[in-house]
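Asker: Dumping the structure here so I can ask a few things about it.
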Amino acid sequence: MTDQRPRAESRSLTAPSLIGTNGHFASVGDAAHDPKAYEHGVQVIDEEKQFNPNLSKYLSLENVANAGFNYHLISVFGSQSTGKSTLLNHLFGTQFSVMSDRERRQTTKGIWMSKNKTKHEDPNARMADNILVMDVEGTDGRERGEDQDFERKSALFALATSEVLIVNIWEHQVGLYQGANMGLLKTVFEVNLQLFLKDKNTTHRSLLFFVIRDFMGTTPLKNLEITLLEDLSRIWASLSKPQGLERSTIHDYFDFAFYGLPHKGYKPEEFAAEAKKLGSRFREGRRDRKEQLIGASIESGVFLPEYHRRIPADGFAHYAEGIWDQIVNNKDLDLPTQQELLAQFRCDEILREVLVAFDEAIVPFEEKQAAGVRAGEPTILGGLGPAMRGARTKAVKNFETEASRYHKGVYQRKRTELEGKIDTRLKALFQGQLNAAHKSGVKDFSDAVSNAVKAGQKKGASYDFAEIVKQETQAALERFEKEARATVVEGTAWSNYKQELKLYQKDLGEVSGQLRRDEMRRLATRVERWVKSRLSHSVSLEFNSLGSGRGGSGAPETGDKPAENKIWDRIWNLFVQTVLDAERRFTDRATSLDASVEEVDVGLWRLRRKSWSVLRLKIEEEMMEGNLLLKLRENFEDKFRYDEAGVPRIWRPTDDIEGVYTRARESTLTLIPLLSKFILAENNSPPPLDRWIGHTPSSATAADEEDLTPIGGVDAEDGRSLEEEMTILNDAKRQDLTVRFKKAADGVYVEAKRSAIGGITQVPLYFYGLLLALGWNEIWAVLRNPAYFFLLFVCAVGAYVTYQLNLWGPMLKMADAASKQALEELKKRLREFLEASDTGRQAMAMSANATGRDAGEEFEMSSLNRGGKKAEDEDENDDI
């Protein structure tokens, strides 16, 4: 009856001297959460061929998983009950179960693993680090009988994973076939050839270390070595070898070492000493090129580099599980494929782990950048460059450290995959950072230029736009390059920002061009306003001078009076001169704006057209029917009411009123046809407007022309000729104006005629006879009295002189003005008197209330322009 194995929770943590079946080890099926269960070791494969999924847990607890390639694996073979576990316990300080002295039965079922526990104080005898020992179920046991399936599978598993295979035999079994485990070794040789066929590029070399137990020394160890090697060579020669390996020898695939141990029961002290000495052999060594057998040097280490399977410790559990899965399912064992699968599995795990750390560093920046994009305000992320470089370097380095130990092809492929994933995300961040720097840089550049221009305008237009653009462009490029350089990740092709820099420069050029065009438009507007102000003043003066055909109040203060028939010549010359001044101002300012020749040509062309439109509107305003009729009447009255010296006429019945009236009227009527068309008196033709404006520049765009008023004789699509453009009054308006003027002139004539004959018709003739009859005595009294006579004489002389000098009119006006002033002064004194008394104040208050009730609203008369809107003064001093 088989002993029942206790539960893991109830096992003793310290193994007793005799244990049935490694009950103190963590076996297949035990829970992985209890670290104490792994104190002594772990069952790798149970007797039912089940692999333990918790092997990686044991390696982690023993601090082997992080050792990389710095670990070694030893397997022990031998017949059942030959002391394999005892040998391992003495060599490596393990606690594998050993057979009881009271009964002989199988104690090791399946494959068990434990880590080396032996520590040597002598540095020269120090064993290698992280030695893992696998105790394999013994062969030729009665429990399995003739079933050699597990024997073959365990041998194949041990050979695929182990560096050193310890063969435990007794001295008296040397030379025997079954007793010396030659059948097992034949199986080992066969599976080794099977592995070679699957991976011809790699020779899987292993060390067969024969430990000869109960060595008495009677037969020299060298002779025993020769016997064993001869037997092994015969077995190798008997194997059916694949094509190309017919002449291969056993030494092409295996190295051999031999060591003899005394009898443990009879010579326990010698056994312990030799076991300790043998244990010191399990260290790392180097092969001498002249050595053929490792046993040639007893003191050399057994762990040679070519024995190592080059499986990283953290992937060994997964690799071993894959190997056993293929073995137990009777599949051809393909170690290269298993190594690639392991590399694929581990590299994927490592890749995910490094990406987790990468996400912790990068995701916050990605979220901030995405939030800015959603808000429509891309944000420059501070510290992005160092974070990107640090995260990428750390991720790649960690992956390289952990994954470079695996299959090189898989490692390189997975590293490329990792770099691709990382670079895809970092590139998006890099592009987003450059995009944010681009947009914010363009905005800052535009604001900086605009602010500098405004500051210059406040200082009196003393700014150089081209210099401002140059300085701000340089500053913007430096800021962009600074941000780009700070975000560059060295060693990546995608972090080259030269193309983005060129695009940024292009956009800055477009923005500066747009700002220059905006400034040019503002300049053009200021110049046009300046032209309008100057023309409004000058043209108004010219039309006001139409009434200066006499020497009165309408005449110029100095110089000769202007010729009325040359009014258009004067207006045209003033217009041309004003526009020339404006062109010089425009050209000077445009040059400071770094405008191109084409832009200046278009600006001057627009300025001339706009200026003509301003002049045309001003002329139409002055030539409005009401304004023109008023000017004609003033011109007529100046010529009719004043003489050539500018002295007002006092009409007498003897004056030639009809002649003066006719001459003044006809002279004024000649102005109507003169003013009806813009014709220069110099050549009796319209001004050369088409040549003066010039052809449309080739660089002008549709936007440059859309706000321009068509001009007859210049724009063919307008359909009007130059003569029509210069026509101010058509025939119908001229006739109507003539009729209305004549009526107004007739009224003035009638008024003058009435004033001339008014003094005579008011005094009847009989009044003079009556005055003479009644005042005869007074007349004689004056004539007889010298004083009265002299006073009368002086008055008569004064009246005559006044009449001759035509001073009666001014004297009467002066008398009238004096009387009005005296009346106002009287009213003022009366008001002051009334305000000084209570009765007067009450009377004034009652009068004011009555006036407020009876009086209607008062309206102020305002001057209107030709469009019927209130005319406002133009600013005549625009700063351009």
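Positions of Cβ are set from backbone N, Cα and C atoms, glycine also.
Swiss-Prot lists these features:
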| type | residues | note |
| --- | --- | --- |
| BINDING | G78, S79, Q80, S81, T82, G83, K84, S85 | GTP binding site |
| COILED | 463-517 | coiled coil |
| COILED | 812-839 | coiled coil |
| DOMAIN | 68-307 | domain 'GB1/RHD3-type G' |
| REGION | 846-880 | region 'Disordered' |
| TOPO_DOM | 1-762 | topological domain 'Cytoplasmic' |
| TOPO_DOM | 808-880 | topological domain 'Cytoplasmic' |
| TRANSMEM | 763-783 | transmembrane segment |
| TRANSMEM | 787-807 | transmembrane segment |
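I'd like these features described in context: how deep, what's nearby, how far apart.
Answerer: Other Cβ atoms within 10 Å of the Cβ of G78 (GTP binding site), summed over all protein chains shown, number 25.
Across the coiled coil (463-517), the prediction's mean pLDDT works out to 87.
Beyond the transmembrane segment (763-783), the same-chain residues lying 6 or more positions past its ends with a Cβ under 8 Å from any Cβ of the stretch are 789, 792.
Residues 647, 650, 781 of the same chain lie 6+ residues outside the transmembrane segment (787-807) yet bring a C-beta within less than 8 angstroms of a C-beta in it.
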Asker: For the binding-site residues listed here (S81, T82, S85), tell me which residue's CB has the most neighbouring CB atoms inside 10 Å.
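Answerer: Highest number of other Cβ atoms within 10 Å: S85.
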Asker: In the same chain, which residues outside the set G78, S79, Q80, S81, T82, G83, K84, S85 have their CB within 8 A of the centroid of the CB atoms that define the GTP site?
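Answerer: Neighbours within 8 Å of the Cβ centroid, excluding G78, S79, Q80, S81, T82, G83, K84, S85: G138, N168.
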Asker: Report the same-chain neighbours of G83 (GTP binding site): residues 6+ apart in sequence with Cβ closer than 8 Å to its Cβ, ordered by sequence.
Answerer: V98, N168, R213, K264
Asker: In terms of DSSP three-state secondary structure, what is the assignment for S81 (GTP binding site)?
Answerer: coil
